[in-house]
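Here's the structure we're looking at; comments come further down.
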Amino acid sequence: QEQLKMKDQSLRKLQQEMDSLTFRNQQLAKRVELLQDELALSEARGKKNKKSVESSSQLSQEQKSVFNEDLQKKIEENERLHILFFEADEQHKRLEAELRSRLELLETDAAQHQTVVDSLTKKYTETIEKLQNDKAKLEIKSQTLEREAKDCRLRTEECQQQLKNLQAALGSRLEESLCIINEKVPFNDTRSSRYNALNVPLHNRRNQLKLRDLAGQAMAFVQELVTALLNFHTYTEQKVQIFPIDSATDIISPLNQKFSQYLHENASYVRPLEEGMLHLFESITEDTVTVLETTVKLKAFSEHLASYLGFLRKILPYQLKSLEEECESSLCTAALRARNMELHRDMKRLTAVFEKLHTYVSLLALPSTRPEGLLRTNYNSVFTNIAASLHGFHDILKDISKHYSQKAALEQEVPTATQKLITTNDCILSSVAALTNGAGKMASFFSNNLDHFTTSLSYGPKGGAEFISPLSAECMLQYKKKAAAYMKSLKKPCADSVPYEEALANRRVLLSSTESREGLAQQVQQSLEKIAKLEQEKEHWMLEAQLAKIKLEKENQKLKNSLSGHLTETIQEHSVLPNIAEQKKETIEKSLREPIKSTSLVRNLTLRVPIRVTDCSAPDVESREDLIKTHYMARIAELTSHLQLADSKSVHFHAECRALAKRLSLAEKSKESLTEELKLASQNITRLQASRFLCNDELMTTKRSYEDQLSMMSDHLCSMNETLTKQREEIDTLKMTSK
């Protein structure tokens, strides 16, 4: 609208200018007409008195030229004004079209906004109605909650009354127990720290397993550090013999000779660290109580660490002098000299860190020898200092690795550098990298388990602050072993019995089992009938076998008579035609391997025996008769096994069908019970859903007040329960001491 107003104002200004221009144009047109009339009059007068005109012609021409110029200017100005008017008219039309289109858009937006406003008003009215309904429901729920609050008050009063009764009962029991303790217990060892230190503390198996796991991890880290230290000292010895003077071509300085001699002894100082950590790990078992007073092997580990520290102190001046001697050599450049001085400082720092570690480890070993040397209150500070020293050790090794890598790169650029020097530098760098990784793992491991070390190694007997001395700790461990042996002697194996839950689970199986009494009775009856049938068949087959033997003897006699005449012929046939004999033998064996088609075994025997006799000798006949006999016996055994298997399967399937029928009946009964339970559950769900939607804002204040009251009452009850538990613990301790 403001733009429309501005455009209207500009349009009015343009119209006013247009009106003024048209008025000015009319004046100019009238002036031109007057000038034309005057020109016509002057021309008429010029004809009459040409003479006078000639004299004044010069003046008229000048005036005419002035008028023509003025007229030309007016015409040009008129054209310019016409152009401006046309442009203003076009701009006005364009603005009017744009404003009309924008007005249409604004009208559509206004209609859309109106529809949105109508929908929102409708929605808000619906929500207001819904909230009013919820308010009514919440008011109903507030009334129900008020009734529940009244019930809670009554219950709290009842609880208070019960609490008073319990207090009175426990007070009477406490007085009785105190009287019994005063009369019966002559001595309470928990009051004296000296005697309490001999009591066996509660066994924490999880704590022991955790400590053993941590000791195993620490042992692995120490093994990595030991191997890295061995490699570092060994390769340093090789480096001293190679650079700056190679011992293979020239004699090295006495300082480096002594330094390499000391480095050659590094294994005797480094290996005991691994052995000491291994002994410490083996001393931590599941059955012992691991605290600083009982870890005697920690003293041996600190001694090994002290011996290695002495080794480092012994080689430190030689190492520093060796670096200075290397800086003074002609091969050493300025950059290499700077790296050597950095390593000079790093080696001093490394020895100082090992001194710190030895100090703190020796402090941890004090409780196992002199407990007054380190109090339990200082355990935490010692462990934190060890963690800080390990992190410092890791940082120093990182600096050494960085400076050694720079030093190795500079030594490769030396013109006299050999391949042996390059490989030795690579080995030193790999050993320093392994040292850095091992130290980082050790530092992170110790920092992560710092709280566990502090709490677990401060463990002591119940009621006492600490163990008095290592001797008392050793006596406690002996008492623990005796108590464990006594408990094992008391523990007698109980008779095997089925647990109640397993018996309940097996009851269902028993009801629907195939091994029920009726099924077993039927199976026994069927098996008896089968046994009778099998005995009858056995007698039948015994008779058949006797008949077969008789027939076999007759056939053998016939064969002996017939074989005596044909023996020479068969020998010639075997010598001349061995292939034919082999083919006949194969055909006979194939005929023997064919399945039995007849049901009578005796008839098959009588049919097959003469076929074999005509083609074979007497020993072959006997062997083949044995083969036939074994074949038919195996066949008989196979058929009987198949028959027994089929009978057993049929019995099993019959029993399974009966069991399935029983299970089906039980499942139907359980289905009916479950449907009833489902109906009850659905009713409960509907009832709970009906009572779920009752909640009120006004009720929240009352509920909070009731909750505050209940919290106060619960706090009071908790305090009373704590006092009761304390009294119970005192009674239990008094009972234990009386026992």
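Note that the numbers count up from 1, one per residue, in the order the chain is shown.
Positions of Cβ are set from backbone N, Cα and C atoms, glycine also.
It is 11-45, from the ranges 11-45, 361-395, 606-640, that TrEMBL records as coiled coil. In TrEMBL, the annotation coiled coil applies to 657-691, one of the ranges 237-271, 272-306, 657-691.
In the predicted model, the coiled coil (517-569) has a mean pLDDT of 77.
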